[in-house]
Amino acid sequence: MDRVTWRTQVLSNHLNQPSMSSPLSPNPCVGFSPPELSEPFEFDTKEMRKLLDAHNLEDRDWLFGLMKQSKPFNPREAGGRVFVSPDYNQSMEQQREMTMKRIAYLLDRGVFEGWLTEKGVEAELRKLALHEVIGIYDHSLSVKLGVHFFLWGGAIQFFGTKRHHDKWLRDTENYTIKGCFAMSELGHGSNVRGIETVTTYDSNTGEFVINTPCESAQKYWIGGAANHATHTIVFSQLNISGKNHGVHAFIAQIRDANGNICPNIRIADCGHKIGLNGVDNGRIWFDNVRIPRENLLNSVADVSPDGQYLSAIKDPDQRFAAFLAPLTSGRVTIAVGAIYSSQISLAIAIRYSLTRRAFSVTPKGPEVLLLDYPSHQQRLLPLLAKTYAMSFAANHLKMIYVKRTPELSKTIHVVSSAFKATLTWHNMRTLQECREACGGQGLKTENRIGPLKGEYDVQSTFEGDNNVLMQQVSKALLAEYIAAQKRSKPFKALGLEHMNKPCPVIPSQLTSSTLQSSQFQMDAFCLRERDLLNRFAMEVSERQKQGESKEYSVILSYQLAQDLGRAFSDRTILQALLDAEAGVPSGSLKNVLAMLRSMYALICLEEDPAFLRFGYLSTDNVAAVRKEVSRLCGELRPHALALVSSFGIPDAFLSPIAFNWIDANSWSSVQH
């Protein structure tokens, strides 16, 4: 039989088989059931939200409502619900245009009223609260506003004097002028002291002359510069009669009121980015641009009409540190924004995992909810506990910032540096885990988590590279250590008071009750920080004895510096969580906070190799910690929905897979 005849016979046999009932019966279609029907809340989520948001809840909810019902914020229907989020399918130019339209809309409705012209803690907290809500909607929008109000406006507030406040702040608040902040250069980012832009003083005309002397001195990544900004703060070396007085800040106009670029200014676009395409980052060259003498921001230093350099701060290092003050506000808002991003992704991923099922554990049993798998709990619930702990830490940072005094400046610098690095790293890890935990749905732009990764990735490097910031933290701790040793006096700053007490002792065997004890948890964190600080100081000292400079000795000891920065940050975050827990009366809310605190502390113990590397925990104790983390996942599982609901993020600011993802993907939704 030839092959053609054989194939014809086989096909004929298949087609002519007698009909018979299939041994497989179809399963009923997968359905959606709201998790609220099966996940009762055992604590008051409204009270928990008050703890998490901490201030200005009514203002936050007002702005949420304003954006939710406004066409510029791109409302769309999916699964019977309305969602608002930017359209990331738009071109870069369209996204930038929409950012400005949204700013105009918010301006017309008084959102920015008092952001620069009102003083006091209440006004500052309201501004921060509204800025946080805007960030929950769109990171591009919050960054664009952050550059205008916190960097440009903040520089005028901090570096300027009354003449600058009177001339610029009101016009900034009402967007008569649009400001940007020209610090970073092509050749210098984190190393601000090394920037190459040069400003000289011309005593014949009473003007400063700003110049970009080489290509590496071009101002780079300047938010707002490419399209919209009319003015900028220029950070530049100040040269008077051939003497360099270091970095100073000047006001320069770069566009007229009609948007035309000013003479002797060149501007180019930085181009398309992996995220934040609603922000028009640009590059600026200054070709001997002349500005009035009064445009020097002179709260730290001034130049007289005849060219005399005047400053009450004689130490150049202290003077330079004073010029970095606006970056503190940037680090505060970045750290806080990172945690709200983590909240969004966890709320979406956990809600999805409470309605999405996969596989059966019995032959004919129902498929299992994703969050009922211990492995899925281990992926998401420790991150949830960390997000809670870091939310309280972010509130702590905000409060010391808005109540700042000169005495607190060092603490604010160190804590903001540590938290900016730790919280943004945590956010990127959380976004990636939540993306994966949502499977293919996590890839869809409409489900938010994917775009958030691109939008927030920049946080690891702008306003200070995270690794550099962590080394700054360790250097500050080292300075405290050396000062305490020289004075033979106790530690009294940066939370290092625990160094004055006897060294904590970790029990040789750790029971579940010990592991959940706040005393044990803080002892373990303090032991690590104490020992790492001692080791870091000793290693730097040994390198100096071998002839290395102090600066290079610190650089060579980078491994201990990174470990120490992490230890400081973890301990400060744990203290913030303990303080929040202590303020809550006994009851279900306090019990859940205790669970979250234990999970946060123990996952830090499990994840940091330093506890094993330096012998703070034995291998048996590390195994006990790991076992307890798994057990805590099971304890937190019944509270998962309540915990993400406590974030208080309105449904419209989440995504379709957080709710009825079947309806949202139905054929009728395609036709609609």
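Note that Cβ sites are derived from N, Cα and C of the backbone, with glycine treated the same way.
Whatever TrEMBL says is automated annotation, not expert-curated.
Record features, source TrEMBL:
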type	residues	note
ACT_SITE	GLU463	active site, proton acceptor
BINDING	GLY223	FAD binding site
DOMAIN	180-289	domain 'Acyl-CoA oxidase/dehydrogenase middle'
DOMAIN	327-478	domain 'Acyl-CoA oxidase C-alpha1'
DOMAIN	521-654	domain 'Acyl-CoA oxidase C-terminal'
Do you know offhand how many angstrom separate the residue listed as 'active site, proton acceptor' and GLY223 (FAD binding site) by C-alpha?
12
Tell me the residue counts in helix, strand and coil for the domain 'Acyl-CoA oxidase C-terminal' (521-654), as DSSP assigns them.
111 helix, 0 strand, 23 coil
How many of the residues that make up the domain 'Acyl-CoA oxidase/dehydrogenase middle' (180-289) does DSSP mark as helix, as strand and as coil?
6 helix, 54 strand, 50 coil
